[in-house]
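Chemist: One structure coming up, written as C-alpha cells, with questions to follow.
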Amino acid sequence: MLDLLKVSITGDLSSGKTEACRVFQDLGAYVISADKVSHSFLVPHSHIGHRVIDLLGSDVVVDNAFDRKVIAEKVFDNLVLLQALEAILHPEVCRIIEEQYCLVAKENKYPLFIAEVPLLYEIQYANKFDRVILITADENTRRERFTRKTNCSDLNFYQRCARFSSNEEKMMHADIIIENNGTKEELRHKVEEYFYALKGAL
C-alpha cells in the first residue's frame, strides 16, 4: 500500500481551484492538473488527436496544433459533442494521474499528492481519492473572475457552467469545503490550515 495521501481539489468554474493548488504547491505538496495533463497529450498526430479531429473536424487544427478556442466554440453550446470529446479525453487524463501518483508515492519526497480535477464528480472519479476538497464561491464572484480573466462574455460563462453538477450536490459528498469569496490571502490562510491537518492524516 502506498502511504501518500491522495487528495483531489474540485469546484465550479472560477471558484479558485487553481489558486488553492498553488498554495498547496508552495507548501510542498505535489500538484497535478487534469487540464494541464489533457493539454500535454492532445496533439494532432497522436491516436487521441486523430479521434478528436474525426469528432470535431480538421478546422480545430491550426499551424499543426489544436486551437483550443475553436474547440471551445464547437463544444460549449453542444452538450452531445462536449460529452463525446470528454469521453475521449477523460480516461487518458485519469490514467496519467493514477500513473503519476504511483511514481510520486514511491519517491517518498512529498507530504501530499494533490490533483486538480474540475469535473471530478461528473466523471465518477471521486472514489479514487482519499480526500476531496471542494472550493466554493458564489455565482456573481465566479462570473466576475471568469470574465475579467478571459475577456469572455457572461453567456460563455453560463455555457461552461452547464457542464458542472450542482454545487449543493457536490457539497454533500466532499470531505472538506473551502469557501472562497474573499481575497487570495484569505484563501491562503484556509488552505494552510488544511495542508497541515491533511499532512498528519496518514
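Including glycine, each Cβ sits where the backbone N, Cα and C put it.
Annotations per Swiss-Prot:
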BINDING   Ser14, Ser15, Gly16, Lys17, Thr18, Glu19  ATP binding site
DOMAIN    6-202  domain 'DPCK'
Chemist: Indicate the candidate from Ser14, Ser15, Thr18 with the smallest number of other Cβ atoms within 10 Å of its Cβ, considering only these binding-site residues.
Modeler: Thr18
Chemist: Taking 8 Å from the centroid of the Cβ atoms of Ser14, Ser15, Gly16, Lys17, Thr18, Glu19 as the cut-off, which other residues in that chain fall inside it around the ATP site?
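Modeler: Along the chain, the qualifying residues are Gly11, Ala20, Ile135, Ala137, Arg145, Asn180.
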Chemist: What is the Cβ neighbour count of Lys17 (ATP binding site) at a 10 Å cut-off, with all protein chains included?
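Modeler: I count 24 other Cβ atoms within 10 Å of it.
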Chemist: For the binding-site residues listed here (Gly16, Glu19), tell me which residue's CB has the most neighbouring CB atoms inside 10 Å.
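Modeler: Checking each of Gly16, Glu19, the winner is Gly16.
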